[in-house]
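Participant: Quick paste from Swiss-Prot:
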- 9-11, 37-38, 59-61, 64-68, 135-138, Arg145: 4-CDP-2-C-methyl-D-erythritol 2-phosphate binding site (BINDING)
- Asp9, His11, His45: divalent metal cation binding site (BINDING)
- His37: site 'Transition state stabilizer' (SITE)
- Thr136: site 'Transition state stabilizer' (SITE)
Amino acid sequence: MFRVGNGIDFHKLIHEPFRPLVLAGVEIKSEFAFLGHSDADVILHAVADAILGALSLGDIGVHFPDTDPQYKNMKSTRIIEKCLELVAEKKFKLINVDCTYVGDHPKISPIRAELNASLANITKLPLDCVSIKATTSEGMGALGRSEGVMVMATVLIESLKK
């Protein structure tokens, strides 16, 4: 049996030269950062929600509430680690991850290979089983004004139960 999960996440872009801008576990050189309770890794948050959705286990707000101080500035790689533990506990296996990044900053094309490699490493998947694509909102709305970014993620999991 296969299951599909979808996740979506938004983060506001702020001028904060001393806060790291993190995407797919990679710190990107920038004078900007994403506003968030954790490290605000918008890619990993969308992937986590997709995994939790495929497992019918809610979302990251249920498992890692932003009202809990223990999660302040937490690395989002830890969120993915916990999600992968849940995948194993429920006797499933992660098959692939597909992400679409919507935003103007930072540009994904120059760092795509590094982001894909990091996402593959974090999710313990082969490189050809992860994908990060990018587009813009063509200048429309908050995303078009570079006020923030959005990531949509889709995952496929397979049951290991016979």
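Just so you know, glycine gets a Cβ as well, placed from its N, Cα and C.
Would you situate these features in the structure and describe their surroundings?
Facilitator: DSSP assigns Pro65 (4-CDP-2-C-methyl-D-erythritol 2-phosphate binding site) to coil, not to a helix or a strand.
DSSP assigns His11 (divalent metal cation binding site) to a strand segment in the three-state reduction. The number of other CB atoms found within 10 A of the CB of His11 (divalent metal cation binding site), across every protein chain shown, is 20.
Packing around His37 (4-CDP-2-C-methyl-D-erythritol 2-phosphate binding site) is summarised by its Cβ count: 15 other Cβ atoms lie within 10 angstroms of its Cβ, all protein chains included. In this structure, His37 (4-CDP-2-C-methyl-D-erythritol 2-phosphate binding site) belongs to neither helix nor strand by DSSP; it is coil.
Neighbour count (other Cβ atoms within 10 Å of the Cβ, all protein chains): 16 for Thr136 (site 'Transition state stabilizer'). In this structure, Thr136 (site 'Transition state stabilizer') belongs to neither helix nor strand by DSSP; it is coil.
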Participant: Would you mind checking how many other C-beta atoms are within 10 angstroms of the C-beta on Ser137 (4-CDP-2-C-methyl-D-erythritol 2-phosphate binding site)?
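Facilitator: Neighbour count, Cβ to Cβ under the 10 Å cut-off: 16.
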Participant: Count, for each of the binding-site residues Asp9, Asp68, the other C-beta atoms lying within 10 angstroms of its own C-beta, and report the residue with the smallest count.
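Facilitator: Taking Asp9, Asp68 as the binding-site residues, the minimal 10 Å Cβ count falls on Asp68.
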Participant: What other residues of this chain sit with their CB within 8 A of the center of the CB atoms of Asp9, His11, His45, the recorded divalent metal cation site?
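Facilitator: Nearby residues not in the site list: Phe10, Phe34, Gly36, Ala40, Asp41, Val42, Ile43, Leu44, Ala46, Val151.
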Participant: Is it possible to get the count of other C-beta atoms within 10 angstroms of the C-beta of His45 (divalent metal cation binding site)?
Facilitator: 28
Participant: In whole Å, how far is His45 (divalent metal cation binding site) from Pro65 (4-CDP-2-C-methyl-D-erythritol 2-phosphate binding site) when you measure between their Cα atoms?
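Facilitator: Given the Cα positions, Pro65 (4-CDP-2-C-methyl-D-erythritol 2-phosphate binding site) is 12 Å from His45 (divalent metal cation binding site).
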